[in-house]
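> A single structure is presented below for examination.
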Amino acid sequence: MERAEAYGFSGAMSAAFLLSCVLFAAVSRRLRGPYMDEVFHVPQAQAYCHGRFLQWDPMITTLPGLYLLSVGVVKPAAWLLGWTGSVVCSVGMLRFINLLFSAGNLYLLYLLLFKIHQKNKAVSGFQRILSTLTLAVFPTLYFFTFLYYTDPGSVFFTLFAYLMCLYGNHKTSALLGFCGFMFRQTNIVWTVFCAGNVVAEKLNEAWKTELQKKKDEKISSRKGSFSNLTRTLQFLVEYLISPKNLVKLIVLTWPYIMLVALFFAFVFINGGIVVGDRSSHEACLHFPQLFYFLSFTVFFSFPHLLTPTKIRRFLLSLRKHPVQYSLVTVISLFLIWNFTYVHKYLLADNRHYTFYVWRKVFQRHELVKYLLVPFYIFAGWSFADTLKSKSIFWILMYFVCLLAVTVPQKLLEFRYFILPFLIYRLNIPFLSVYRQLLELTFYILVNAVTFYLFLNRTFQWENSDEVQRFMW
C-alpha cells in the first residue's frame, strides 16, 4: 500500500466510523429499548453477563457466539473503566459491539479487495477506497450495525476467514470459520467456499496443464460457454476420482474438512441445523430464492449489471443460443410453479420491506411470478457475465455455495443475501470512478430513506400499544 493510499484509507475509515457513531447516537436516543429480534438477543446476552450460561431462550435459533463475544468484550471494558450497574450490558452497550464489527468489516473489505485484485495494476488506490466505502455502507448490512443482531459479527468472521484463506493460512481460516458458525449455522457454507477456493485453484492449474498438452483444442478455462461446460465438467470428474488428486486436496483442506465434520456432528446431536424454535425455520427446496437473490443483486449492483451494453450483449447471446435459453426458461417456469413457498411471516409481518415487495409485486396476479422469468434469465446471465474473469471452477464452486445458502430457506429475507452478495461483489472487476460514485451515492440514498422511515415513520398495530417501525 502506498503512503498516499494509506493516509487516504485511514481518513476514510475514521470519517466513516465518526459518522456511524453520530447515527448510532441518533438511533439510541430514539430507540432505547430492544426492538424486533433484540427482544430475544438482549435478554440472552444480559443473562450471560450475569453468569447464567445455562439459561437459554427457546425462541433463539442461532448458536451463542454473539452473546459469548459480547460478554468477552463488555465485561473487561466495564472492569477497566470502572462501570457498574445497569450500564454494563445495557442495550446501548450491546449494540455498540456491532458498531465495532462494522469498523472491522470496513477494514476487511479493503484488505480483501486489495488481495483479490492485486494483479490488476490499472486499479487505483482511490478506486479501492471508494469500493470499500461502498460495500461498507451496503444498506442491508449497514442497517443492522445499529441494532443487536448477529449479522455484522457473522459477516466479520466470514470475511476474516476468507481473507486468511486467500493468504494460505487455512488453519486460522477454519478457526475463524468456526467463530462465524457460532454466529449463524449457515455460515458453514462459506467454510466450504474457502475450501473450494483451494480446490478451484488446483483444478485451474491442472486444467491449464491439460490445455498445454492439447494445444490443438481451442478450449479456455475462462470461457463459460455452453459448449465448453460439458468438457470442463468431464475434466472435473476425472480429476476428482483420482485417488492421488483426492489425497492432495485432503492434505490442503483438512482444517475445513474437520470443521464440516464438526458441523455434521452438531446437526446429528441437535437433530437439525436450527437451535431453539424450529417450527418457523423449516428447510425446503425453495428454488425461486435464487431468482430473488439475482433480482436483489441487480437492484443493488445496477451500475455493474444493468447497462445498455450488457442488455445488447444479452440479446445477441439470446439470438445465438435460442434452444439453450428456451430450455432454461422451461426449467425456470417449472421451478417457480412447483417450488414456490410463502412463509407465514412474509404475509403477516408488515414491518419488513419484503412484506411490501411480496404484496405489491407477487400478489398482484398469479401470473406475475411467471412473467418475471425473462428478467431472472437476464439477471442470471449478467450476474455470471461479471464473473467471467474468474476461472470456471471458481464460478462452479461459488454457484454451488450460493444454492446451498439460499435454496433451503423458506422465508424470503434480505438478510440471508448479505454474504453471497458481498462475496460476489468482492470478486467482480472494478467500475470506472463515475460508476463507483453512482453506486456509493445510491447506497447512501437508500440508507437515508431506510433510516428516516425507521426513526420517523412509526406506526402501531390494532392489538398492541408498542411502536412499530419499518426495517429490512
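Counting begins at 1 with the first residue displayed.
Quick reminder: no glycine exception, Cβ is built from N, Cα and C everywhere.
Feature list, courtesy of TrEMBL:
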TRANSMEM  6-27  transmembrane segment
TRANSMEM  60-81  transmembrane segment
TRANSMEM  93-114  transmembrane segment
TRANSMEM  126-149  transmembrane segment
TRANSMEM  155-183  transmembrane segment
TRANSMEM  249-269  transmembrane segment
TRANSMEM  289-306  transmembrane segment
TRANSMEM  327-347  transmembrane segment
TRANSMEM  367-384  transmembrane segment
TRANSMEM  391-408  transmembrane segment
TRANSMEM  437-455  transmembrane segment
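How buried are these features, and what lies next to them?
Distant neighbours of the transmembrane segment (93-114): 1, 9, 13, 16-17, 20-21, 24, 27-28, 41-42, 45-46, 66, 69-70, 73-74, 87, 128-129, 131-133, 135-136, 141-142, 144-149, 151-153, 155-156, 159-160, 162-163, 166, 422, 426; these residues of the same chain sit at least 6 beyond its ends, with a Cβ under 8 Å from one of its Cβ atoms.
With a threshold of 8 Å between CB atoms, the same-chain residues lying at least 6 positions outside the transmembrane segment (289-306) that come near it are 138-140, 332, 336, 372, 375-376, 379-380, 382-383, 386, 402-403, 406-407, 409, 412, 414, 417, 420-421, 424-425, 428, 431, 435-436, 438-439, 442-443.
Beyond its flanks by at least six residues, the transmembrane segment (327-347) meets 280, 284-288, 291, 354-355, 358, 369-370, 373-374, 376-377, 410-412 of its own chain at Cβ-Cβ distances under 8 Å.
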> May I ask for the residues of the chain that lie six or more residues beyond the transmembrane segment (437-455) and have a Cβ under 8 Å from a Cβ within it?
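Residues 23, 26-27, 30-31, 130, 133-134, 137-139, 142-143, 300-304, 431, 469-472 contact the transmembrane segment (437-455) from elsewhere in the chain.
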> Top stretch among 126-149, 249-269, 367-384 for CB pairs under 8 A with the transmembrane segment (155-183)?
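It is 249-269 that shares the most Cβ pairs under 8 Å with the transmembrane segment (155-183).
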> Take the C-beta pairs under 8 A between the transmembrane segment (6-27) and each of 60-81, 126-149, 367-384, 391-408. Which stretch has the highest count?
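Looking only at 60-81, 126-149, 367-384, 391-408, the most contacts with the transmembrane segment (6-27) come from 126-149.
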> By a Cβ-Cβ criterion of under 8 Å, what residues six or more beyond either terminus of the transmembrane segment (367-384) are in contact with it?
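Distal contacts: 224, 288, 291, 294-295, 297-298, 305-306, 310-311, 314, 317, 325, 328-329, 332-333, 336-337, 340, 361, 395, 424.
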